[in-house]
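> Here's a structure for you.
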(Lines of atoms letter the chains of each structure in order from A; the text may use other names.)
(Lines give C-alpha, C1' and ligand atoms only; values in the text may rest on other atoms or scores of the structure.)
Protein backbone atom coordinates (compact mmCIF):
# COMPACT_ATOMS: atom_id res chain seq x y z
CA UNK A 1 0.00 0.00 0.00
CA UNK A 2 2.75 2.41 0.97
CA UNK A 3 4.73 1.45 -2.14
CA UNK A 4 1.69 2.13 -4.34
CA UNK A 5 1.21 5.54 -2.72
CA UNK A 6 4.88 6.41 -3.31
CA UNK A 7 4.63 5.26 -6.93
CA UNK A 8 1.51 7.38 -7.48
CA UNK A 9 3.12 10.44 -5.88
CA UNK A 10 6.29 9.98 -7.95
CA UNK A 11 4.17 9.69 -11.11
CA UNK A 12 2.49 13.00 -10.30
CA UNK A 13 5.84 14.67 -9.69
CA UNK A 14 7.10 13.35 -13.03
CA UNK A 15 4.06 14.74 -14.85
CA UNK A 16 4.53 18.14 -13.19
CA UNK A 17 8.25 18.20 -14.04
CA UNK A 18 7.53 17.18 -17.64
CA UNK A 19 5.24 20.19 -18.08
CA UNK A 20 7.26 23.08 -19.50
CA UNK A 21 4.51 25.43 -18.33
CA UNK A 22 4.55 24.36 -14.68
CA UNK A 23 8.34 24.03 -14.29
CA UNK A 24 8.87 27.45 -15.87
CA UNK A 25 6.37 29.10 -13.53
CA UNK A 26 7.95 27.37 -10.50
CA UNK A 27 11.36 28.71 -11.46
CA UNK A 28 9.98 32.22 -12.02
CA UNK A 29 8.26 32.11 -8.64
CA UNK A 30 11.49 31.19 -6.85
CA UNK A 31 13.44 33.87 -8.75
CA UNK A 32 10.99 36.58 -7.69
CA UNK A 33 10.94 35.17 -4.14
CA UNK A 34 14.73 35.47 -3.94
CA UNK A 35 14.59 39.11 -5.05
CA UNK A 36 11.92 39.91 -2.46
CA UNK A 37 13.53 37.99 0.43
CA UNK A 38 16.83 39.77 -0.15
CA UNK A 39 15.27 43.25 -0.19
CA UNK A 40 12.46 43.12 2.40
CA UNK A 41 13.90 44.41 5.71
CA UNK A 42 12.20 41.71 7.79
CA UNK A 43 13.84 38.86 5.87
CA UNK A 44 16.95 40.36 4.28
CA UNK A 45 19.41 39.60 7.11
CA UNK A 46 18.17 36.04 7.64
CA UNK A 47 18.28 35.30 3.90
CA UNK A 48 21.79 36.75 3.60
CA UNK A 49 22.97 34.73 6.61
CA UNK A 50 21.68 31.51 5.05
CA UNK A 51 23.21 32.29 1.65
CA UNK A 52 26.60 33.10 3.19
CA UNK A 53 26.72 30.18 5.64
CA UNK A 54 29.76 28.04 4.78
CA UNK A 55 29.54 24.28 4.39
CA UNK A 56 32.81 22.43 3.88
CA UNK A 57 34.03 18.89 3.25
CA UNK A 58 36.97 17.84 5.44
CA UNK A 59 40.36 17.14 3.80
CA UNK A 60 39.38 19.03 0.63
CA UNK A 61 39.31 22.60 -0.64
CA UNK A 62 35.52 22.39 -0.81
CA UNK A 63 34.38 25.04 1.65
CA UNK A 64 31.63 27.08 0.01
CA UNK A 65 28.67 29.23 1.08
CA UNK A 66 25.25 27.67 0.61
CA UNK A 67 24.55 30.09 -2.24
CA UNK A 68 27.64 28.82 -4.07
CA UNK A 69 26.70 25.20 -3.38
CA UNK A 70 23.41 25.92 -5.18
CA UNK A 71 25.32 27.45 -8.10
CA UNK A 72 28.20 24.98 -8.36
CA UNK A 73 26.57 21.84 -6.96
CA UNK A 74 22.82 21.69 -7.56
CA UNK A 75 23.12 23.29 -10.98
CA UNK A 76 25.27 20.32 -12.05
CA UNK A 77 22.06 18.24 -12.10
CA UNK A 78 20.60 20.67 -14.64
CA UNK A 79 23.74 20.50 -16.77
CA UNK A 80 23.68 16.69 -16.59
CA UNK A 81 20.15 16.80 -18.03
CA UNK A 82 21.42 19.22 -20.69
CA UNK A 83 24.27 16.83 -21.55
CA UNK A 84 21.93 13.84 -21.81
CA UNK A 85 19.53 15.84 -23.98
CA UNK A 86 22.37 17.00 -26.22
CA UNK A 87 23.60 13.43 -26.68
CA UNK A 88 20.11 12.24 -27.61
CA UNK A 89 19.58 15.10 -30.06
CA UNK A 90 23.01 14.63 -31.66
CA UNK A 91 22.47 10.88 -32.05
CA UNK A 92 18.83 10.41 -33.05
CA UNK A 93 17.14 13.79 -32.65
CA UNK A 94 16.94 17.12 -34.42
CA UNK A 95 20.73 17.57 -34.57
CA UNK A 96 21.43 14.15 -36.11
CA UNK A 97 20.71 15.51 -39.60
CA UNK A 98 22.93 18.59 -39.99
CA UNK A 99 21.17 19.82 -43.13
CA UNK A 100 17.71 19.67 -41.57
CA UNK A 101 18.99 21.45 -38.46
CA UNK A 102 21.21 23.89 -40.35
CA UNK A 103 18.94 26.95 -40.09
CA UNK A 104 18.21 26.74 -36.32
CA UNK A 105 21.88 25.92 -35.67
CA UNK A 106 22.96 29.00 -37.65
CA UNK A 107 20.30 31.08 -35.87
CA UNK A 108 21.69 29.95 -32.51
CA UNK A 109 25.08 31.34 -33.51
CA UNK A 110 23.55 34.59 -34.80
CA UNK A 111 21.51 34.93 -31.63
CA UNK A 112 24.70 34.66 -29.56
CA UNK A 113 26.76 37.12 -31.63
CA UNK A 114 24.49 40.19 -31.74
CA UNK A 115 23.63 40.53 -27.98
CA UNK A 116 27.28 40.94 -26.85
CA UNK A 117 27.80 43.53 -29.60
CA UNK A 118 24.79 45.54 -28.39
CA UNK A 119 25.93 45.23 -24.78
CA UNK A 120 29.42 46.52 -25.68
CA UNK A 121 27.86 49.32 -27.75
CA UNK A 122 25.77 50.49 -24.77
CA UNK A 123 28.74 50.36 -22.38
CA UNK A 124 30.89 52.29 -24.90
CA UNK A 125 28.24 55.00 -25.31
CA UNK A 126 28.02 55.38 -21.52
CA UNK A 127 31.80 55.64 -21.28
CA UNK A 128 31.89 58.49 -23.82
CA UNK A 129 28.68 60.38 -23.08
CA UNK A 130 27.83 59.33 -19.51
CA UNK A 131 28.40 61.34 -16.33
CA UNK A 132 31.51 59.40 -15.30
CA UNK A 133 33.81 60.99 -17.87
CA UNK A 134 35.54 59.43 -20.87
CA UNK A 135 36.52 55.83 -20.22
CA UNK A 136 34.37 55.50 -17.09
CA UNK A 137 30.74 54.79 -16.26
CA UNK A 138 28.54 55.37 -13.22
CA UNK A 139 26.53 52.36 -12.06
CA UNK A 140 23.27 52.48 -10.09
CA UNK A 141 24.97 52.58 -6.67
CA UNK A 142 26.87 55.72 -7.69
CA UNK A 143 30.25 54.00 -8.02
CA UNK A 144 32.45 55.13 -10.92
CA UNK A 145 34.07 52.17 -12.67
CA UNK A 146 36.25 51.82 -15.78
CA UNK A 147 34.26 50.88 -18.88
CA UNK A 148 36.65 47.96 -19.44
CA UNK A 149 35.48 46.43 -16.16
CA UNK A 150 31.83 46.79 -17.18
CA UNK A 151 32.59 45.27 -20.59
CA UNK A 152 33.65 42.02 -18.88
CA UNK A 153 29.97 41.07 -18.78
CA UNK A 154 29.73 40.78 -22.58
CA UNK A 155 28.75 37.10 -22.36
CA UNK A 156 25.90 37.56 -19.87
CA UNK A 157 23.10 38.13 -22.47
CA UNK A 158 24.25 35.36 -24.82
CA UNK A 159 22.38 32.37 -23.37
CA UNK A 160 18.77 31.21 -23.76
CA UNK A 161 16.96 29.41 -20.96
CA UNK A 162 15.49 26.39 -22.75
CA UNK A 163 13.13 25.47 -19.90
CA UNK A 164 11.60 28.92 -19.55
CA UNK A 165 11.36 29.64 -23.30
CA UNK A 166 9.50 26.35 -23.82
CA UNK A 167 7.26 27.24 -20.86
CA UNK A 168 6.26 30.48 -22.60
CA UNK A 169 5.62 28.50 -25.79
CA UNK A 170 3.43 26.04 -23.88
CA UNK A 171 1.47 28.87 -22.23
CA UNK A 172 0.76 31.02 -25.28
CA UNK A 173 1.31 28.94 -28.42
CA UNK A 174 -1.67 26.58 -28.44
CA UNK A 175 -2.48 25.76 -32.06
CA UNK A 176 0.90 26.65 -33.56
CA UNK A 177 2.52 24.06 -35.85
CA UNK A 178 4.99 21.71 -34.19
CA UNK A 179 7.73 22.92 -36.53
CA UNK A 180 7.98 26.19 -34.56
CA UNK A 181 8.51 24.31 -31.29
CA UNK A 182 11.06 22.04 -33.00
CA UNK A 183 12.89 25.13 -34.29
CA UNK A 184 13.02 26.65 -30.80
CA UNK A 185 14.10 23.34 -29.24
CA UNK A 186 16.96 22.89 -31.72
CA UNK A 187 18.08 26.51 -31.39
CA UNK A 188 18.03 26.44 -27.58
CA UNK A 189 19.89 23.12 -27.49
CA UNK A 190 22.71 24.46 -29.67
CA UNK A 191 22.63 27.66 -27.61
CA UNK A 192 23.21 25.61 -24.44
CA UNK A 193 26.13 23.78 -26.05
CA UNK A 194 27.79 27.03 -27.14
CA UNK A 195 27.20 28.57 -23.70
CA UNK A 196 28.96 25.60 -22.09
CA UNK A 197 31.94 26.11 -24.42
CA UNK A 198 32.05 29.84 -23.58
CA UNK A 199 32.03 29.12 -19.83
CA UNK A 200 34.82 26.56 -20.24
CA UNK A 201 37.01 28.81 -22.43
CA UNK A 202 36.49 32.29 -20.98
CA UNK A 203 35.46 31.78 -17.36
CA UNK A 204 37.77 29.06 -16.12
CA UNK A 205 41.13 29.58 -14.38
CA UNK A 206 43.13 26.43 -14.99
CA UNK A 207 45.19 24.88 -12.20
CA UNK A 208 47.63 21.92 -12.05
CA UNK A 209 47.61 19.53 -15.02
CA UNK A 210 47.17 16.34 -13.00
CA UNK A 211 43.58 17.29 -12.17
CA UNK A 212 42.81 17.06 -15.88
CA UNK A 213 44.25 13.55 -15.93
CA UNK A 214 41.78 12.72 -13.15
CA UNK A 215 38.93 14.19 -15.23
CA UNK A 216 39.88 11.98 -18.20
CA UNK A 217 40.09 8.87 -15.99
CA UNK A 218 36.67 9.58 -14.44
CA UNK A 219 35.15 10.16 -17.88
CA UNK A 220 36.57 6.87 -19.18
CA UNK A 221 35.27 4.90 -16.17
CA UNK A 222 31.82 6.50 -16.49
CA UNK A 223 31.70 5.63 -20.21
CA UNK A 224 32.47 1.97 -19.47
CA UNK A 225 30.07 1.62 -16.54
CA UNK A 226 26.99 3.10 -18.24
CA UNK A 227 27.40 0.69 -21.19
CA UNK A 228 27.17 -2.44 -19.05
CA UNK A 229 24.02 -4.57 -19.13
CA UNK A 230 23.48 -4.05 -15.39
CA UNK A 231 24.69 -0.57 -14.45
CA UNK A 232 26.23 -0.40 -10.92
CA UNK A 233 24.54 2.84 -9.86
CA UNK A 234 26.37 3.40 -6.54
CA UNK A 235 29.71 3.19 -8.36
CA UNK A 236 28.46 5.41 -11.19
CA UNK A 237 27.35 8.04 -8.65
CA UNK A 238 30.78 7.97 -6.97
CA UNK A 239 32.53 8.41 -10.34
CA UNK A 240 30.26 11.34 -11.22
CA UNK A 241 30.97 13.07 -7.90
CA UNK A 242 34.72 12.51 -8.39
CA UNK A 243 34.51 14.05 -11.87
CA UNK A 244 32.79 17.09 -10.31
CA UNK A 245 35.56 17.39 -7.66
CA UNK A 246 38.28 17.08 -10.32
CA UNK A 247 36.63 19.84 -12.36
CA UNK A 248 36.47 22.08 -9.29
CA UNK A 249 40.13 21.49 -8.41
CA UNK A 250 41.24 21.95 -12.03
CA UNK A 251 39.73 25.44 -12.12
CA UNK A 252 37.04 24.54 -14.67
CA UNK A 253 33.51 25.39 -13.59
CA UNK A 254 32.35 22.14 -11.94
CA UNK A 255 28.86 22.17 -13.46
CA UNK A 256 30.50 21.22 -16.77
CA UNK A 257 31.12 17.77 -15.28
CA UNK A 258 27.41 17.15 -15.78
CA UNK A 259 27.64 17.98 -19.48
CA UNK A 260 30.74 15.80 -19.90
CA UNK A 261 29.30 12.62 -18.39
CA UNK A 262 25.94 13.27 -20.08
CA UNK A 263 27.60 13.33 -23.50
CA UNK A 264 29.33 10.01 -22.72
CA UNK A 265 26.03 8.20 -22.00
CA UNK A 266 24.70 5.87 -24.76
CA UNK A 267 21.83 7.34 -26.76
CA UNK A 268 20.89 4.20 -28.72
CA UNK A 269 19.08 1.09 -27.51
CA UNK A 270 21.36 -1.57 -26.01
CA UNK A 271 20.55 -5.15 -24.94
CA UNK A 272 16.99 -4.94 -26.30
CA UNK A 273 15.94 -1.90 -24.25
CA UNK A 274 12.73 -0.12 -25.18
CA UNK A 275 14.23 3.38 -24.81
CA UNK A 276 17.83 4.66 -25.04
CA UNK A 277 19.66 5.06 -21.75
CA UNK A 278 20.32 8.78 -22.23
CA UNK A 279 16.60 9.43 -22.66
CA UNK A 280 15.68 7.20 -19.72
CA UNK A 281 18.20 8.80 -17.37
CA UNK A 282 17.09 12.27 -18.45
CA UNK A 283 13.46 11.44 -17.64
CA UNK A 284 14.47 10.20 -14.18
CA UNK A 285 16.57 13.27 -13.41
CA UNK A 286 14.11 15.80 -14.84
CA UNK A 287 12.04 16.15 -11.62
CA UNK A 288 15.17 16.87 -9.55
CA UNK A 289 16.38 19.38 -12.12
CA UNK A 290 13.08 21.18 -12.77
CA UNK A 291 11.59 21.17 -9.27
CA UNK A 292 14.67 21.22 -7.01
CA UNK A 293 17.96 22.28 -8.61
CA UNK A 294 16.73 25.12 -10.85
CA UNK A 295 14.29 26.73 -8.36
CA UNK A 296 16.84 26.75 -5.51
CA UNK A 297 19.53 28.09 -7.84
CA UNK A 298 17.14 30.84 -9.02
CA UNK A 299 16.27 31.67 -5.39
CA UNK A 300 19.90 32.39 -4.47
CA UNK A 301 20.93 33.78 -7.88
CA UNK A 302 18.35 36.59 -7.73
CA UNK A 303 18.74 37.05 -3.98
CA UNK A 304 20.86 40.17 -4.38
CA UNK A 305 20.30 43.00 -1.94
CA UNK A 306 19.98 46.46 -3.46
CA UNK A 307 20.16 49.30 -1.00
CA UNK A 308 17.71 51.29 -3.07
CA UNK A 309 15.62 49.71 -5.80
CA UNK A 310 14.90 52.83 -7.84
CA UNK A 311 14.52 53.89 -11.48
CA UNK A 312 18.28 54.55 -11.45
CA UNK A 313 18.76 50.78 -11.67
CA UNK A 314 17.13 50.74 -15.10
CA UNK A 315 19.52 53.35 -16.51
CA UNK A 316 22.65 51.68 -15.19
CA UNK A 317 24.94 50.79 -18.14
CA UNK A 318 25.07 47.18 -16.93
CA UNK A 319 21.31 46.74 -16.51
CA UNK A 320 20.37 48.72 -19.62
CA UNK A 321 22.98 46.97 -21.76
CA UNK A 322 21.79 43.50 -20.72
CA UNK A 323 18.09 44.37 -21.14
CA UNK A 324 18.62 45.79 -24.65
CA UNK A 325 20.84 42.85 -25.61
CA UNK A 326 18.26 40.27 -24.47
CA UNK A 327 15.07 41.98 -25.67
CA UNK A 328 16.38 43.35 -28.99
CA UNK A 329 19.71 41.64 -29.67
CA UNK A 330 18.46 38.05 -29.53
CA UNK A 331 15.58 38.43 -32.03
CA UNK A 332 17.66 40.67 -34.32
CA UNK A 333 20.48 38.13 -34.47
CA UNK A 334 18.14 35.17 -34.99
CA UNK A 335 15.95 36.83 -37.64
CA UNK A 336 18.89 38.26 -39.58
CA UNK A 337 20.62 34.88 -39.62
CA UNK A 338 17.39 33.11 -40.66
CA UNK A 339 16.93 35.53 -43.57
CA UNK A 340 20.54 35.20 -44.72
CA UNK A 341 20.41 31.40 -44.41
CA UNK A 342 17.24 31.03 -46.45
CA UNK A 343 17.69 33.82 -49.02
CA UNK A 344 21.44 33.84 -49.60
CA UNK A 345 22.83 30.50 -48.38
CA UNK A 346 20.14 28.34 -50.00
CA UNK A 347 19.03 26.60 -46.79
CA UNK A 348 15.40 25.71 -46.11
CA UNK A 349 13.11 26.02 -43.13
CA UNK A 350 10.64 23.29 -42.21
CA UNK A 351 7.78 22.87 -44.66
CA UNK A 352 5.16 25.58 -44.30
CA UNK A 353 7.35 27.97 -42.29
CA UNK A 354 8.47 31.40 -43.43
CA UNK A 355 11.12 33.58 -41.82
CA UNK A 356 8.52 35.99 -40.43
CA UNK A 357 6.82 33.09 -38.60
CA UNK A 358 9.93 32.75 -36.41
CA UNK A 359 9.80 36.22 -34.87
CA UNK A 360 7.66 35.40 -31.78
CA UNK A 361 9.83 32.37 -31.00
CA UNK A 362 12.96 34.48 -31.56
CA UNK A 363 11.70 36.94 -28.93
CA UNK A 364 11.29 34.02 -26.50
CA UNK A 365 15.01 33.30 -26.93
CA UNK A 366 15.71 36.55 -25.06
CA UNK A 367 14.76 34.76 -21.82
CA UNK A 368 18.15 34.22 -20.16
CA UNK A 369 17.73 33.17 -16.54
CA UNK A 370 19.74 30.03 -15.65
CA UNK A 371 22.94 30.23 -17.69
CA UNK A 372 22.88 34.04 -17.81
CA UNK A 373 22.67 34.19 -14.00
CA UNK A 374 25.63 31.81 -13.84
CA UNK A 375 27.74 33.82 -16.30
CA UNK A 376 26.88 37.06 -14.44
CA UNK A 377 28.31 35.62 -11.23
CA UNK A 378 31.43 34.40 -13.07
CA UNK A 379 32.07 37.50 -15.21
CA UNK A 380 32.09 40.10 -12.42
CA UNK A 381 34.23 39.79 -9.32
CA UNK A 382 32.71 43.03 -7.99
CA UNK A 383 29.53 42.19 -6.04
CA UNK A 384 27.78 45.42 -7.10
CA UNK A 385 28.33 44.70 -10.80
CA UNK A 386 27.34 41.07 -10.39
CA UNK A 387 24.13 42.07 -8.60
CA UNK A 388 23.20 44.63 -11.26
CA UNK A 389 23.94 42.12 -14.02
CA UNK A 390 21.60 39.55 -12.45
CA UNK A 391 18.93 42.22 -12.01
CA UNK A 392 19.33 43.10 -15.70
CA UNK A 393 18.94 39.43 -16.65
CA UNK A 394 15.74 39.22 -14.60
CA UNK A 395 14.23 42.39 -16.13
CA UNK A 396 15.31 41.51 -19.68
CA UNK A 397 14.00 37.96 -19.37
CA UNK A 398 10.62 39.10 -18.03
CA UNK A 399 10.28 41.68 -20.82
CA UNK A 400 11.22 39.08 -23.44
CA UNK A 401 8.70 36.65 -21.96
CA UNK A 402 5.96 39.31 -22.04
CA UNK A 403 6.70 40.38 -25.64
CA UNK A 404 6.95 36.83 -26.93
CA UNK A 405 3.80 35.83 -25.02
CA UNK A 406 1.74 38.56 -26.70
CA UNK A 407 3.15 37.79 -30.16
CA UNK A 408 2.78 34.02 -29.75
CA UNK A 409 -0.85 34.31 -28.62
CA UNK A 410 -1.71 36.49 -31.64
CA UNK A 411 0.14 34.15 -33.99
CA UNK A 412 -1.58 31.10 -32.47
CA UNK A 413 -5.00 32.75 -32.87
CA UNK A 414 -4.32 33.40 -36.57
CA UNK A 415 -3.26 29.78 -37.07
CA UNK A 416 -6.38 28.50 -35.30
CA UNK A 417 -8.61 30.70 -37.46
CA UNK A 418 -6.81 29.58 -40.62
CA UNK A 419 -7.16 25.92 -39.67
CA UNK A 420 -10.85 26.43 -38.86
CA UNK A 421 -11.43 28.10 -42.26
CA UNK A 422 -9.76 25.18 -44.01
CA UNK A 423 -11.84 22.70 -42.03
CA UNK A 424 -15.07 24.52 -42.91
CA UNK A 425 -14.17 24.65 -46.61
CA UNK A 426 -13.26 20.96 -46.62
CA UNK A 427 -16.54 20.06 -44.90
CA UNK A 428 -18.46 22.11 -47.47
CA UNK A 429 -16.76 20.36 -50.36
CA UNK A 430 -17.39 16.94 -48.85
CA UNK A 431 -21.03 17.84 -48.25
CA UNK A 432 -21.28 18.88 -51.90
CA UNK A 433 -20.30 15.36 -52.91
CA UNK A 434 -16.79 15.71 -54.27
CA UNK A 435 -13.64 17.67 -53.59
CA UNK A 436 -12.95 18.12 -57.33
CA UNK A 437 -16.48 18.81 -58.67
CA UNK A 438 -17.11 22.14 -60.46
CA UNK A 439 -17.76 24.76 -57.81
CA UNK A 440 -20.20 26.73 -60.00
CA UNK A 441 -22.49 23.74 -60.43
CA UNK A 442 -22.31 22.60 -56.83
CA UNK A 443 -23.11 26.00 -55.38
CA UNK A 444 -25.61 27.08 -58.03
CA UNK A 445 -28.40 27.49 -55.46
CA UNK A 446 -26.10 29.18 -52.97
CA UNK A 447 -26.44 26.57 -50.23
CA UNK A 448 -24.41 23.65 -48.96
CA UNK A 449 -25.39 21.56 -45.93
CA UNK A 450 -22.57 21.03 -43.41
CA UNK A 451 -22.84 18.69 -40.44
CA UNK A 452 -21.59 20.55 -37.37
CA UNK A 453 -20.71 17.25 -35.71
CA UNK A 454 -17.93 16.83 -38.27
CA UNK A 455 -16.25 20.07 -37.22
CA UNK A 456 -13.96 20.82 -34.30
CA UNK A 457 -15.18 23.28 -31.63
CA UNK A 458 -12.84 25.94 -33.05
CA UNK A 459 -14.25 25.44 -36.56
CA UNK A 460 -17.85 25.58 -35.28
CA UNK A 461 -17.15 28.87 -33.50
CA UNK A 462 -15.39 30.24 -36.56
CA UNK A 463 -18.21 29.11 -38.85
CA UNK A 464 -20.88 30.77 -36.71
CA UNK A 465 -18.86 33.98 -36.48
CA UNK A 466 -18.33 34.17 -40.25
CA UNK A 467 -21.85 33.21 -41.27
CA UNK A 468 -23.90 35.08 -38.68
CA UNK A 469 -26.53 37.08 -40.55
CA UNK A 470 -26.31 40.36 -38.75
CA UNK A 471 -25.84 43.98 -39.83
CA UNK A 472 -22.52 44.20 -38.01
CA UNK A 473 -20.92 41.89 -40.58
CA UNK A 474 -19.59 44.41 -43.12
CA UNK A 475 -18.84 41.85 -45.82
CA UNK A 476 -22.28 40.18 -45.81
CA UNK A 477 -24.07 43.51 -45.48
CA UNK A 478 -22.25 45.02 -48.45
CA UNK A 479 -22.93 41.98 -50.61
CA UNK A 480 -26.63 41.79 -49.79
CA UNK A 481 -27.08 45.53 -50.37
CA UNK A 482 -25.52 45.11 -53.79
CA UNK A 483 -27.77 42.14 -54.52
CA UNK A 484 -24.88 39.69 -54.90
CA UNK A 485 -25.81 36.17 -55.89
CA UNK A 486 -25.94 33.58 -53.09
CA UNK A 487 -23.38 31.44 -54.90
CA UNK A 488 -20.91 34.30 -54.94
CA UNK A 489 -21.46 34.95 -51.24
CA UNK A 490 -20.85 31.27 -50.47
CA UNK A 491 -17.73 31.17 -52.62
CA UNK A 492 -16.31 34.18 -50.86
CA UNK A 493 -17.17 32.81 -47.43
CA UNK A 494 -15.56 29.47 -48.16
CA UNK A 495 -12.47 31.14 -49.57
CA UNK A 496 -12.74 29.33 -52.93
CA UNK A 497 -10.91 32.11 -54.75
CA UNK A 498 -8.51 32.86 -51.91
CA UNK A 499 -5.00 33.76 -52.92
CA UNK A 500 -2.27 31.13 -52.78
CA UNK A 501 -4.25 27.96 -53.59
CA UNK A 502 -3.56 26.36 -56.98
CA UNK A 503 -7.07 24.88 -57.11
CA UNK A 504 -8.52 28.30 -56.32
CA UNK A 505 -6.64 29.91 -59.23
CA UNK A 506 -7.85 27.21 -61.62
CA UNK A 507 -11.47 27.60 -60.45
CA UNK A 508 -11.27 31.35 -60.87
CA UNK A 509 -9.80 30.98 -64.36
CA UNK A 510 -12.58 28.55 -65.38
CA UNK A 511 -15.21 30.88 -63.93
CA UNK A 512 -14.00 33.86 -65.99
CA UNK A 513 -13.72 31.70 -69.13
CA UNK A 514 -17.40 30.71 -68.83
CA UNK A 515 -18.63 34.24 -68.03
CA UNK A 516 -19.16 36.42 -71.15
CA UNK A 517 -17.47 39.80 -71.08
CA UNK A 518 -19.81 42.73 -70.62
CA UNK A 519 -19.53 45.51 -73.16
CA UNK A 520 -20.16 48.99 -71.85
CA UNK A 521 -21.90 51.56 -74.08
CA UNK A 522 -19.58 53.84 -75.94
CA UNK A 523 -16.68 51.40 -76.04
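Any Cβ shown, glycine's included, is placed from N, Cα and C.
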> From 68-86, 391-409, 410-428, which range did TrEMBL mark with transmembrane segment?
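Range annotated as transmembrane segment by TrEMBL: 391-409.
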> Is it true that the transmembrane segment (22-46) and the transmembrane segment (318-339) have 3 or more CB pairs under 8 Å, sequence gap of 6 or more?
no
> Assess whether the transmembrane segment (184-203) lies in contact with the transmembrane segment (105-130), where contact requires at least three Cβ pairs under 8 Å among residues 6 or more apart in sequence.
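Yes, these stretches are in contact.
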> Tally Cβ pairs under 8 Å between the transmembrane segment (150-172) and each listed stretch (209-226, 233-265, 285-306, 318-339, 391-409), then give the stretch with the top tally.
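By the under-8 Å Cβ criterion, the transmembrane segment (150-172) pairs most with 391-409.
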> So if I exclude everything within five residues of the ends of the transmembrane segment (391-409), which remaining residues of that chain have a CB under 8 angstroms from its CBs? That is, six or more out.
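Here the qualifying positions are 31, 35, 156-157, 161, 164-165, 168-169, 171-173, 176, 302, 304, 306, 313-314, 316, 318-327, 330, 359-361, 363-369, 372-373, 376.
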> What parts of the chain pack near the transmembrane segment (285-306), using Cβ distances under 8 Å and only residues at least 6 beyond its ends?
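Apart from its flanks, the transmembrane segment (285-306) reaches 13-14, 16-18, 23, 26-35, 37-39, 44, 47-48, 51, 66-67, 70-71, 74-78, 80-81, 84, 140, 163, 313, 369-370, 373-374, 377, 386-387, 390-391, 394.
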